[in-house]
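So the structure is just underneath, and the comments pick up after that.
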Amino acid sequence: MKTFVLHIFIFALVAFASASRDSAKKIGSQYDNFETCLTEHGLTEDDVFSIGEVSSGQHKTNHEDTELHKNGCVMQCMLEKDGLMSGADYDEEKMREDYIKETGAQPGDQRIEALNACMQETKDMEDKCDKSLILVACVLAAEAILADSSEAA
């Protein structure tokens, strides 16, 4: 079974780096633990935000706080099931290692810098669900910016 590595981070890189971006796709929907985490948190796929919503920040204005929190709990569930998070704590080194392994990113790569910045920005947050969604949103937004700037070049 394929390891569910850096769930949303890897998905963000693949989704935004590929020519066939699918902004309507639900965040995390391609991973094995997605359905399990939805069930554990009483959500359906329709309740989960799309990549486009999250990368643009629209999820913050288009949804109630309860929806934001529940989506964050699904993200945290997937991260925790893969050993990338325990409660509200990241395993930063494992995240970086898995990220580099999965993406082939090299030291100095802007994608790694974005991941590090997003982890730093959210590391002191105590609510595991909110922390997870904000981390995912940060990485997706950074990926969108990096993809747009590389397309413009």
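Here the Cβ of each residue, glycine as well, is placed from N, Cα and C on the backbone.
Annotated in Swiss-Prot:
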DISULFID  CYS37-CYS77  disulfide bond
DISULFID  CYS73-CYS129  disulfide bond
DISULFID  CYS118-CYS138  disulfide bond
SIGNAL    1-19  signal peptide
Validating a neighbour-count step here. Other CB atoms within 10 A of the CB of CYS138 (disulfide bond): how many?
20
Are any of CYS37, CYS118, CYS138 (the disulfide-bonded residues) within 10 Å of CYS129 (disulfide bond) when you go C-alpha to C-alpha, and if so which?
none
Using all protein chains shown, find which of the disulfide-bonded residues CYS77, CYS129 scores highest when you count other CB atoms within 10 A of its CB.
CYS77
